[in-house]
Amino acid sequence: MIDMSVKIPGLELKNPIMPASGCFGFGKEYAQLYDLSQLGAIMIKATTVETRLGNPTPRVAETSSGMLNAIGLQNPGLEGVYHSELPWLEQFDVPIIANVAGTTTEDYVEVAREISNAPNVHALEINISCPNVKKGGITFGTDPAVARELTRAVKEVSSVPVYIKLSPNVTDIVSIAKAVEEGGADGITMINTLLGMRLDPKTGRPVIANITGGLSGPAIKPVALRMVYEVSKQTNLPIIGMGGVTDVDDVIDFLSAGASAVAVGTANFVNPFVCPEIIGKLPERLHELGYDSVEELIGRSHRL
Amino acid sequence: MIKQERMKVVAQQSIARHIFELTVEGGLVDEMAEPGQFVHVRVADSFEPLLRRPISVASIDKENNRFTMIYRAEGRGTQILADKKAGDEIDVLGPLGHGFPVEQAEKKAFLIGGGIGVPPLYELAKQLNSRGIETVHILGFESKQAIFYEEQFKALGDTHIATVDGSHGTEGFVTHILNELPHDFDTYFSCGPTAMLEAVQWAYPQKKGFLSYEQRMGCGIGACFACVCRTTKSETDYIKVCSDGPVFPAGVVIS
C-alpha cells in the first residue's frame, strides 16, 4: 500500500494533486465530469473584494507547447464566492485553498479576513503574482520588502494558514521567498505564469487584447522546476509546485525538486480528466521507483 | 452529458477549398441532441499544438453512432486534423454548449449562414424538417470554390447562395439576399462571422431569432473565462460563449 497522503500547514491532503487556481473555476464545470472528492485539494479562482469583469477578448492565445492568457481576474467578488461558490463546494470531501487577489493591501486584508472563515477553506493562496491586471497583483510580488509586509498584514487577519503565490517574473525568486518567510508565510505556491506576448505576423498586432499575457503549459515546466528547486533549497517553507504539469512524471519531478504537493493548471483545458488520471497512476509510479509514500520522495533531488 | 472519447475516423474528404468533411464513430454520439452544439477536438496526442479545437457538428447519425464535422483547415491544428484518415483515432470532448432551440420555430424558419458558420445549420435544417417546419437557407461564401453542401441544403428547402466575388449566386453578402426575400417566416437561426450576425439582427428586429457566436476558447466547458461576452441585460452581466452558448437569442450578446 502506497501512502499518498501529505500534511502541510492547514492541509491534510489525501493525495498531493490539486487543480491550480484559474484553471478550474469554482469546480462546477469539472464536477459534471468526475467526483471532486478524489482531489487532494482545490485551488479556486482568485477572489477580489468586488466583482471583476476581467479584460477585453481575445483573452487567450496558443503558443509553442503553451498558451498565453490575460483573463484579468474575472470573479463574482467576495460576496459571491463566500455565499454561493464556497457553500456549493461543501458537498465534496475536499479542502479548498482560496486564492486571494487585490490592488491594495487593504483589499488583500479584507478578502483574507472574510474568506478564511468559510468552513471548507483550509488555507489561503495570496496571489501577488498576477501579470494581467494593471494595478496591484504582481507589484506586490516583485519587491521583497513589499511582499514581506503584505504577508504580515494578511497573516494577522487570516484564521487559516497562508501560502504566498510567487511570480517567476523576477530576477531573484529566492529573495522574494525569503522575504515572505520572514513575513510569516506558512508556505509558498509557485510558479504563476511568465509574462509573454504573441504577435499576428500579418499585421504585427498583439493577438491578446491586453497586449501581454501569462505563459503557461508544458513550455514553462523547466523554469518552474528550477525555481522550486532553488526555493526549496534555501527556505524552510513547504511548497506547492506548479507550472506545466501534464502527467505523473511531471508530478514526480516537482516532488523530487522539493514540492510537497503539486498543482495542475493548463493541462485541465487539454484533458479535463488529467487530475484524477494522475492520482490514479501515482501509486504505481511511486512503487516502480521504489518508494512507499509520497512524503519519502519529497526533495529527493537535494539528497543525491 | 459531456464525454471524452477516442473516436474512430470513418471518412474524411475535402469538399471545398480548405474545407474538410470529417465523419467519426463512437458512443459519444448518444449524448448529442441539439443542433448547434460543438465538440472540442485534440488533434495530436502530444502537447504541440496544446489546446483543443472547437468544431461545430454538421450532422448526427444516431443509427450508425456517427457524426460529421465540417471545418476549415487554415491553422496548425486544423491542418493536422485534415491529415487524419479512415481508421485513425481522434480525441473528442463533447457534446458541448447549448444549441439551437428547434421547438421555437412554428411554421417557417430562415437559416442564415456565412462561411464556416454554415455547417451547424445543416443538422438544424434536418431536425426542423423532421418536425414539419419549412426551412429557407440563405448561405454566404467567399467564392464559388468555397461553397459546400449546396445540394444537401437544396434537398431540404429553398436555398439561396451569395458569394462575395459574385462567382456564384448573388454577388455580395447574405443581407443582399435577405433584402429581396419576403419576411414570411416566424423564426430565424444564424451562424457566421460577427458582422453578419449583427447585420441579420438589424434586418429583422421584430422577429424571433437565435444566433450562434464564435469566440476564442480555452477549456470549452466554462471554467477558464476566455470566451466571455457582455450582454444587454446590465453593465455587469456576461455570458460564456462555450457553456452558456454558443447559441443565444437575438439581442442578448454584445459582440
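Just so you know, glycine gets a Cβ as well, placed from its N, Cα and C.
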Among A:LYS45, A:LYS155, A:LYS221, TrEMBL assigns to the substrate site of A:ASN69, A:ALA70, A:ILE71, A:GLY72, A:LEU73, A:ASN127, A:ASN192, A:THR193 just A:LYS45
Which of A:SER21, A:SER64, A:SER84, A:SER293 shares the FMN site with A:LYS45, A:ALA46, A:ASN99, A:ASN127, A:LYS165, A:ILE191, A:GLY217, A:GLY243, A:GLY244, A:GLY265, A:THR266 in TrEMBL? The record says A:SER21
Span of the recorded substrate site, as the biggest CA-CA distance among A:LYS45, A:ASN69, A:ALA70, A:ILE71, A:GLY72, A:LEU73, A:ASN127, A:ASN192, A:THR193 in Å, is 16
Other C-beta atoms within 10 angstroms of the C-beta of A:GLY72 (substrate binding site) total 20
Listed in sequence order, the residues of the same chain lying six or more positions from A:LYS45 (substrate binding site) whose CB sits under 8 Å from its CB are A:SER21, A:GLY22, A:PHE24, A:GLY25, A:PHE26, A:ASN75, A:ASN99
Argmin Cα dist to A:ALA46 (FMN binding site) over the binding-site residues A:ALA70, A:GLY72, A:THR193 returns A:GLY72
Chain B interface subset of recorded positions A:ALA70, A:GLY72, A:CYS130, A:ILE191, A:GLY243, CB distance under 8 A, sequence order, none if empty, is none
For FMN, with binding residues A:SER21, A:LYS45, A:ALA46, A:ASN99, A:ASN127, A:LYS165, A:ILE191, A:GLY217, A:GLY243, A:GLY244, A:GLY265, A:THR266 per the record, max Cα distance (Å, no decimals) returned as 20
